[in-house]
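Visitor: Next up is a structure, given as C-alpha cells.
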Amino acid sequence: MHPDVVLVRNGELGVKSEQVRRKMEDRLAENLRAMFAARGLTGDIERRRNRLFVHTDEPDAVADAAADTFGVVSASPAETVEPTLEAISSALVDATEAHYDGGSFAVDADRAGPASAHPFTSPEIESECGAAVWDAVESMGAEPAVDLDDPDFRLCVECRPDEAYVYLERRAGPGGLPLGTQRPVVALVSGGIDSPVAAWKLMARGCPVVPVYVDLGDYGGPDHRARARATVETLAGYAPGEPMSLHVVDAGAVVADLEAAMADLRMLSLRRFMLATAEAVAEAEAAVGVVTGEAIGQKSSQTSANIAVTDVATTLPIHRPLLTMDKADITNLARDIGTFEDATVDTGCNRVAPELPETNADLDAVRAAEPDDLFERARTCATAREVVPIER
Ligand code: ATP
Ligand code: MG
C-alpha cells in the first residue's frame, strides 16, 4: 500500500450550525497545521464536509499527529485511487498482499455523492472487491474466511465521485472540540495524577488552560514543582498553537500559618485559598472558570460535604471533569495522555493534611477557624506569582 493522504474525521463538529461548524473547522485546520509544524511534518489540508484530507508524504506520522489533536475523532492513512471497481480491487489486493496476516477479513465500503456518480453501489464494491481479496488470500496459501462483524483484517473503501480512498485502520483521536474554540480556564495543577487529566479534559472541550501551581513551601519543594512543570510540558504538547506558561504561586508562609492556627479544618482552608488564588489569576488572564482534579470522596477534602465548603471560595464556575470517576480509570487515562510518568511522587497536600481531617465540615465553622485575611492573602500571593514559560 502507498498511502498519500490522511482522512481526518471530526465527529461532533458535524452537528453544529453551518456558521459555527465553519469557524470550528477553521480552528481545527489551524491547530493541525501547528501540530504538524511542532513535529516537523508537512501536509496540505483540504477541507470537505465533516472531513479533512491531509495530503502528505508522511502519512503515518501525520495520522499520529492528527490523532493527538483535540476535535479529531479518528485518522486513517489512505491511498487515493480511481473511483472504479478495477482500481479499488487492485489496491485492496495490494494491501492484502502487504498486510494480511491470517484470519478472517471484511471489506467495508461507503459511497458518497449522487447515485449517478458511479455505475455501482457500496454493496457491489464490497462483494466484487471482496471476491478479489478472497482470491488474493487463497493465492497466499491461506484459507479465506469472511467475518463482517469482527474481522481480523478489515479493508475500508470510501468512494467519492472524483476519487476513492482505501485504508486499513482508524487511529482513535481524543474527540471533543478544537482547542481555542472556548474561552480559557485556570487549571489548578499539582502534578499529581488527577489534575493534569482534568486539565486535559477541559482542553479536549476546546478550553485553553492557564496552569496554576501552588507551591506549599516546606510541604512541597523543588521535586513537586518540577513534577508539576513536567506534567504541564506534556499538556503543552497537545496545544502547539497556544503559548502556555506555568503560574507558580508561593504559598509557603500561608501554609505554615494555617498549620499553626488550625487543626482538623486546615485542609479545607488551604483548598479555599487555592481557589481564591485561581480566581485572582483568572481575572488577570481573562479566564472564565477553574478546573480541578477533584473526585467525590477520593480524599477527605473532597467529600460531598467538604466540596460544598470549598466550592463557595470563588464565584467562578469550578469544573470537575473527574468528579464521578474511579481512581483506577483516571490513572489509565493519565497513562494514555502521557502524564502518569511525571506524577509518581506524593503531593505536598498529603503532608499538610492533619491526622484526622474533618470529612463533614460546616462552612460557618471553617470561616470562624480560618484567618480573616485568607482571601486577601490569596490575592496578594497571586499577584506576586512567578510566570514560567513552557518550552516545547
Ligand atoms: P492531584 O493533585 O492530581 O489531584 P491528588 O489527588 O494527590 O493529585 P488532591 O489533594 O486530591 O491531589 O487535590 C485536589 C485538587 O486540588 C487537585 O486535583 C488540584 O486541582 C488541586 N491541587 C491540589 N494541590 C495543588 C497544588 N499544590 N497546586 C495547585 N493545585 C492543587
Ligand atoms: Mg486527587
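Just so you know, glycine gets a Cβ as well, placed from its N, Cα and C.
As the structure is a computational prediction, the values presented were derived from the model and not from experiment.
Pulled the feature table from TrEMBL, pasting it below:
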DOMAIN    60-170  domain 'THUMP'
BINDING   Leu188, Val189, Arg271, Gly293, Gln302  ATP binding site
Visitor: Relative to the Cβ position of Val189 (ATP binding site), how many further Cβ atoms are located within 10 Å?
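Guide: Excluding its own Cβ, Val189 (ATP binding site) sees 29 Cβ atoms within 10 Å.
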Visitor: Please list, for the domain 'THUMP' (60-170), how many residues fall into helix, strand and coil according to DSSP.
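Guide: Taking each residue of the domain 'THUMP' (60-170) in turn, the totals are 44 helix, 27 strand, 40 coil.
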Visitor: Could you work out which of the binding-site residues (Leu188, Gly293, Gln302) has its C-beta surrounded by the smallest number of other C-beta atoms within 10 A?
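Guide: The binding-site residues Leu188, Gly293, Gln302 were compared, and Gln302 has the fewest Cβ atoms within 10 Å.
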Visitor: Once near-sequence residues are set aside, which residues in the chain of Arg271 (ATP binding site), 6 or more away, have Cβ atoms under 8 Å from its Cβ?
Guide: Ser301, Thr310, Ala313
Visitor: Can you tell me whether DSSP puts Leu188 (ATP binding site) in helix, strand or coil?
Guide: strand
Visitor: Where does Arg271 (ATP binding site) sit in DSSP terms: helix, strand, or coil?
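Guide: The three-state answer is helix.
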Visitor: Just report the maximum Cα pair distance in Å for the recorded ATP binders Leu188, Val189, Arg271, Gly293, Gln302, no decimals.
Guide: 16
Visitor: Which binding-site residues from the set Leu188, Val189, Arg271, Gly293, Gln302 come near ligand 2, judged by a Cβ under 6 Å from any of its atoms?
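Guide: With ligand 2 as the reference and 6 Å as the Cβ limit, the list reads Gly293.
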